[in-house]
Amino acid sequence: MVTLSIIKADTGGFVGHTAVHPDMMAEARREMTRGIESGLLIDGHVASCGDDVSLIMTHTYGPDADLIHSFAWDTFQATTHIAKELGLYGAGQDLLSDAFSGNLRGMGPGYAELEFEERPSDPVICFLADKTEPGAWNLPLYKMFADPFNTAGLVIDQKMHAGFTFEVYDLYEEKRIFFDCPAELYEMLMYIGAPARYVIHSVRSKTLDETAAATSTQRLSLIAGKYVGKDDPVMIVRCQSGLPAVGEVLEPFTFAYGVAGCMRGSHHAPLMPVSSGDAHPSRFDGPPRVVALGFQLHDGKLIGPRDLFADPAFDRAREQANEAMDYFRRHGPFEPHRLPLEDLEYTTMTILTKRLASRWTPMTTELATAGTSRS
Ligand code: 13P
Ligand code: 13P
Ligand code: MG
Ligand code: MG
Ligand code: MG
Ligand code: MG
C-alpha cells in the first residue's frame, strides 16, 4: 500500500497574500530532499498556489501518521523562519499551535491523504486552491462522480455504472454521513449545496471498493475561533480504469463557479482554473485560484507534475472568471458579493451592535412620521 499525502500551510505571503517567496520554496525543497534521502518519504514534490505551500508526498505510513505530519510541521516551521527573516506578510499564519503533538488535526495546516494499492498505471491529480474554503470542492466532486452530463463513464463504463459513495462532513457539529449515489443524489445535494457547513470529505467507488478522492476539510476559523485566513483547500483525485478519466476530472472547472473567499475571506467570487505560473491572486485578493498537478504514480514515485490547467481549453473559463469578477465587484459591500452576515470572516457588526444599541427604536407609526413637519 502507498499513501499519497498533501499537507499545506500558509507560512507567510509575498507580497501581502499573493504568493510564496522563492526562498521559502527553496527551503521547503531542501527539507523534502532530506525527507526522501532519509527514507521517510518515497517521493515528494513542493508546490504552491497563492500564498500556500503544499507538500505532496508518497510514503508507507498511512494517513494521520505522526512521522509524516511532524515532518510537514517542521518544514513549515523552517519556511516560517525565512518568512520572518524577510518580514513577509503573516509569517506562520496557519500554524495555530506552538508545539506539535502527534498529528496535525486542529493545528492549522490542511491535509488530504489517500492510502491505496497502486495500480499498474495510476494517474492522480492534486488540486490546490487559494482564497477559498474546503466546500469549494463540493460542486466539482459532484460533477466528476455523479453527473453523467460531465462524466461519460458513469453511463458507458461498466465499472462506474454502480456509482459512488460520498462521505460528507458537517463541520459545525463534527458529524459525518455516507450518501449512496446515484440513489441518494437529491438527499446529498440538499446538504452539499451549502458548502460553508457541509463538505465532501471522500468519494469511494462501489464497484472497485476503493477510495477515489479525498479533500482537506479543516475550517481554520472554526479551529481558531477567529479569522486567521481562508483554509485554501487541497484535493486528491485518482483517475481512469473504473474512475473518471483525467478529462472528466478536469471538466467541471470549465465553469468558473462561485465560491466563498477572495478579499478578507468574506466575498463570493468565481474560481479561476490557472497554470502554476498564474496562481497568484492579486486583484482584490482574487479571484480565487485552482491549479491541477497531474502525476503518474509508479512504485510510489511521483512522475510529474503536468500542469493540467496550462491548456488553452481553459481560457474561456478564465475569461468567464474575469467577467464574473467584474460583475461581483460592482456590488461593492452588498450581498451577494459580500458574504451573508453569519459567514463573514471579518465583521464590525459585534461592535456596531453594542455602540448603536440605544439608537435602535421600535418602528411604530408615531415614529415613522416623526421628523415630518406635521403639527
Ligand atoms: P480507461 O478505461 O483506460 O480509463 O479509458 C478511459 C479513457 O481514457 C477515455 O478518455
Ligand atoms: P489567505 O488565507 O490566503 O492568507 O487569505 C487571507 C485574506 O484575508 C486575503 O484577503
Ligand atoms: Mg495569507
Ligand atoms: Mg492562502
Ligand atoms: Mg489561508
Ligand atoms: Mg485507456
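Cβ atoms here come from the backbone N, Cα and C positions, even for glycine.
Note: TrEMBL annotation is automatic and uncurated.
Remember, it's a predicted structure, so these values are computed and weren't measured experimentally.
The annotation active site, proton acceptor is assigned in TrEMBL to ASP10. The active site, proton donor/acceptor annotation in TrEMBL covers TYR227. If you look up TrEMBL, you'll see LYS230 marked as active site, schiff-base intermediate with DHAP. Among the features that TrEMBL reports, Mg(2+) 1 binding site is placed at ASP10, HIS17, ASP51, GLN93. Residues or ranges marked as beta-D-fructose 1,6-bisphosphate binding site by TrEMBL: HIS17, TYR89, GLY102, ASN103, LYS131, GLN240, SER241, ARG264, ASP285, TYR346. The dihydroxyacetone phosphate binding site annotation in TrEMBL covers HIS17, LYS131, ARG264, ASP285. Annotation comment: TrEMBL describes ASP51, ASP52, ASP130, ASP232 as Mg(2+) 2 binding site. Residues annotated as Mg(2+) 3 binding site in TrEMBL: LYS230, ASP231, ASP232. TrEMBL lists ASP231 with the feature Mg(2+) 4 binding site.
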Quick note, the residue listed as 'active site, schiff-base intermediate with DHAP': same-chain residues at least 6 apart with CB under 8 Å of its CB -> ASP130, LYS131, THR132, GLU133, LEU220, GLY261, GLY265, GLU345
Recorded positions near ASP51 (Mg(2+) 1 binding site): from GLY102, TYR227, ASP231, ARG264, Cα within 10 Å gives none
Filtered by Cβ distance under 6 Å to ligand 5, the recorded positions ASP10, ASP51, LYS131, TYR227, LYS230, ASP232 reduce to ASP10, LYS230, ASP232
CB < 6 Å to ligand 2, subset of recorded positions GLY102, TYR227, ASP231, SER241, seq order -> none
Residues lining the Mg(2+) 1 site besides ASP10, HIS17, ASP51, GLN93 (CB within 8 A of their CB center) are THR11, GLY12, GLY13, GLY50, ASP52, TYR89, GLY90, ASP94, GLY229, ASP232
As a whole number of Å, the Cα atom of ARG264 (dihydroxyacetone phosphate binding site) is distant from the Cα atom of ASP10 (active site, proton acceptor) by 15
Checking the binding-site residues HIS17, ASP51, ASP52, ASP285 against ligand 3, those whose Cβ falls under 6 Å of one of its atoms come out as HIS17, ASP51
Per the 10 Å Cα distance test against ASP232 (Mg(2+) 2 binding site), the recorded positions ASP10, HIS17, GLN93, GLY102, SER241, ASP285 reduce to ASP10
For HIS17 (Mg(2+) 1 binding site) and ASP10 (active site, proton acceptor), the CA-to-CA distance in whole Å is 9
With neighbours defined as other CB atoms within 10 A, the best-packed of the recorded positions ASP10, ASP52, ASP232, ASP285 is ASP10
Same chain, |i - j| six or more, Cβ under 8 Å of GLY102 (beta-D-fructose 1,6-bisphosphate binding site); the result in sequence order is ASP66, HIS69
ASP285 (beta-D-fructose 1,6-bisphosphate binding site) and ASP231 (Mg(2+) 3 binding site), compared by Cα position, are separated in whole Å by 14
Candidates ASP52, GLN93, TYR227, ASP231, SER241 (recorded positions) passing the 10 Å Cα cutoff around the residue listed as 'active site, proton acceptor' are ASP52, GLN93, ASP231
For ligand 4, the recorded positions of ASP52, ASP130, TYR227, ASP232 whose CB is under 6 Å from one of its atoms are ASP52, ASP130, ASP232
